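Here's what TrEMBL has on this protein:
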DOMAIN    134-198  domain 'HYDIN/VesB/CFA65-like Ig-like'
DOMAIN    568-634  domain 'HYDIN/VesB/CFA65-like Ig-like'
DOMAIN    702-786  domain 'HYDIN/VesB/CFA65-like Ig-like'
DOMAIN    821-893  domain 'CFAP65 seventh Ig-like'
REGION    959-978  region 'Disordered'
COMPBIAS  965-977  compositional bias 'Pro residues'
Amino acid sequence: MALRTGELGVISRADRVKVFGIECTGPVGDGIVFRGGEWSPGGEYIQKLTVKNVTTELKKLKYRLPTSRYFSMAYPELIVLSPGMEVVVDVVFRPVLEEVYDETIFFKVQDGPHSGGFHVPVRALLPTLQISAPPALDMGFVQIDTTTSRTFTLRNTGQVPAPFRWVVPPPFSLSPAQGVIPVGGTAKITCSIAPTDTAALVSNACVHVGEGANAIKPAPLLQLKLTCIAKFCHVAPSVARVEFGRVLVGAAGDAEVLREVVLRNDSVVPAEFKLTRLETDCAPVFDLSPSAGTILPEDEVTVAVRFTPLSAGTYTADHYRLITVGGNTLTLTVTGWACGPHVWITKAIDPAAAAAADQAAAAAAAAQTVPDSVNFRDVEVGGASTRVVTLSNAAAAPCRFSVAVPHRNSSVFKAQLTLCFSPPSPSNYYRRFFILLEGQLPLVLDCMGTGYIPARGEIREQRPAPLRHAHVQAFRNRAEAGLGRLSPEELDAMVDGGMAPPLAAAAAARPLSRSGDCARAQACVAREYFKGTDVFVAAHAHAHSAASQTDDDNTVAAAGREITASCAVMDFGYVSDGDADSRTVVLTNHTSGKVRVVFATAGGGQGGGFSVEPGEGDIAPGGSAAFAVRFAPRAENMYYLHEIEACVFFKNQRTFRLVRDATLTPPWCVTVTAVGHTFDGPQFIPQCTLSTSHVSRGQHRQRLEFPACHVGDSVYQTIRISNSGNIPAMFRFELPMDDAEAPPFQVKPSVGLLAAGELQLIALKFTPPVTGRFEAMLTCVLNNSDATTEEVLLIGRGAIPALSIGPPPANPAQPQQQQRQRDLYLKPTCVGLMSQRAVVLRNSSRVPVVYSAQLPGESAGVFSLVPACGSILGNDCAELTLGFAPRAVRDYRLRLPIEVRAIGGQPPDLTDARQLGATPPAPVVETLHVTVHATAGGAAIAFDPAELDFGVSLVKTPQEKVRPNPDPNLKPNPKPNPTLTLNMIVKDMQMSLKDVHTIAGTGFCTARNVKDGFDWCPLL
């Protein structure tokens, strides 16, 4: 059937293709459109109309010119289009007036089943001002208290620039709120909202188009529907506490120093989170990454927690606040203990024990030997004897060690030390060597031996009494008891009176120090290492090098020392080759007996050059003797460092005939370090560095943080100085001093000489006089030049045990004050039931505390407390569970005292773990009080009536008695119980409901508790 033009008119492009199979398109779409702004009267404008056959059949058609003379085309010819072919026709527009032109081109389709015709529009439009915007914008779920933004596009579909202005009701906002869109351009509009409460929000935003512009405005006002649903976010961590346990300082394996915490967002909105560290009193050792971010809805983020242990012996407990904008705030606790390597000393079986005929006796003798004591026994003067001890390291990383004798350094897993004893004179010799370890407290090695001269011809025998370790231990015990200065005659008198102290003390394990950084047995060894060397003298030795070495300020006479020297370091400074300089050292005898002094120069250095005159002498009881130390260098441009060793012993102990074995006193070894150089001009440029595995680098300098220390105790650390050059280097440490107060920091050794490629460990000590933070700059002067220095900032914290009630403060910028009293309320509890509540105790100090809480006697059977005592490490928390089981209906009020102590009392001044001595109990530092308020309630349920009597019933015949439902919230129980016996204590009376026969639908229940067909709501 043919379609005529009058019947069709202008049909849509899709209908035209569907009916006729012809597609007519121009440059801007269907038909020909001369847009506004693209033409003006008097001109001639041409557009091309493309006619295409989109069917599979041959098409023949002709067009008819527009009726208006303003549009013209070529003479119409028959157009034959094969399938898929097209033809282009020019349409010429010659306007004479500025007005809208609207015409059509009629195409006649000839032949075929779809013969007929259709109109194609031909238009010329005037310029218009209009924009297009989406009708609606749904922002979906948005988070409370968070600004959520979405972006949409405004497009200028007119022919002139389009100004616009938005009018938006709150809480929505649009940015930019106004502007101008160029012709054919777009503007990105951002819609933002920050809701403050949960709600479904709907608003209509209006945009005013073309205000103040003179143009055609088809749509001067457009509306945009804005919608969103505000929701709270909820973020929960997978764990609330991350514990690393003990981690070796310097460990780098992920299995040891890396943990993961999963943050889960269970809400339907994105959750922004931030992890903030609450503590600011010390440098952080935990790193949380990422510390802030956004978690997508119903998604999770993995937070990597990395532990970098810095100071060995430090227990760190830090709290991180997990903050979300919706108010969901949680606390994540991260703990870790930085520990050093476990190094111990072993030695071979003593030759005397190995030579025993009985192997069992040899094994028993070996078991009784002290591993850190080496006895060379009797060695002839002029001869030599050697022993080997082994250092073993159980850690997975190497441990550097340094023997406190020059040129004895190494860095291995297992090392053998060869000890050589060569006595210069017939006497007993004893010296305690200290082995410094990196990241651990020092070890001690006792070396002893006896030099003798056998009888040969006219030479008479000279043999002292053999020295054993039992004598050394017995003397240390006497010194601890205040008897270390007794003369041999006084000791003999004690033996004759039956008052002699034991020769040895059994080894016993020691608990932790009050600071919790190490065992007391380890701390006493480090304490002894610093005895006899005054840090004030060490720091000012260079300044006093030209002064007399007998000044009172330069005297080393620590309390409890029997033999003291006037100086520990003797700096000769520059002495030219061939010249000599002399200094004086004064030894003082604080004992009650006459002593003999024998000097020997020992230690390392270059070329020697030091001597002592006289080489030996006697000192009367309570007297002093001066000895001249002479420095005569033998080479130019060299550094010299010697350790002058003095062996001091009671004079009657030269022969075994004058000594009792029970009162034999080991000799004292007094050392003085002598240094000097022969550089007349500039000295070598050193290549030395200070470093250690637990030094964290700042922006410009290194820093070393000590573990928190209990006031009155001491903590220790080590640093390493290395000489990477090919020439020797001299070092000297300096600390700022205050003449009015004892220095909190000490360093040993304060001077030293490093050979090329050598390293040495330096021990540091921190003793806080009061609570608070202490800082000092440790300066290492290299090669006697202030221009070549290395600096380390030392940081220490003195603390005493302190306990507070409650969790850590929520705001790190404004920490809560310590709560010593607090009221605790328990929920009302029915008589016969029990309720519980947790009490959080927080150690607000960095040292461990011990707490104990005791319930008053009248609360027995009503209140319970678990645990009643315990310990809390630094900055950590513990929970006490308080139980309440009332026996009568009344109000209870309980005052619960909590006593706080340190983990031990003032430690005795011990020098090793084998000494006698007990630690006094720790005094109570403070007492906290918790006032407990609790209310006991009455019955929670009652039956009315109390008894139901069914009378005589036929067997297997059901009966029922239905009580009216007094509570509309009760619902029938769908699971009946044929027989129920219920016993309940109500108001101190026992009421029973026996042999109640029910059928389905006769019981009543609530949605909370269902049991045996009868249900109730207990008051909890």
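Indices start at 1 and increase along the chain as displayed.
Every residue, even glycine, has its Cβ placed from backbone N, Cα and C.
Automated prediction, rather than curation, is the source of TrEMBL annotations.
The residues of the domain 'HYDIN/VesB/CFA65-like Ig-like' (134-198), classed with DSSP into helix (H, G, I), strand (E, B) and coil, number 0 helix, 39 strand, 26 coil. Within the domain 'CFAP65 seventh Ig-like' (821-893), the DSSP-based counts of helix, strand and coil residues read 3 helix, 40 strand, 30 coil. Shown for the domain 'HYDIN/VesB/CFA65-like Ig-like' (702-786): DSSP residue counts in helix, strand and coil, namely 0 helix, 50 strand, 35 coil. Mapped onto DSSP classes, the domain 'HYDIN/VesB/CFA65-like Ig-like' (568-634) shows 0 helix, 39 strand, 28 coil.
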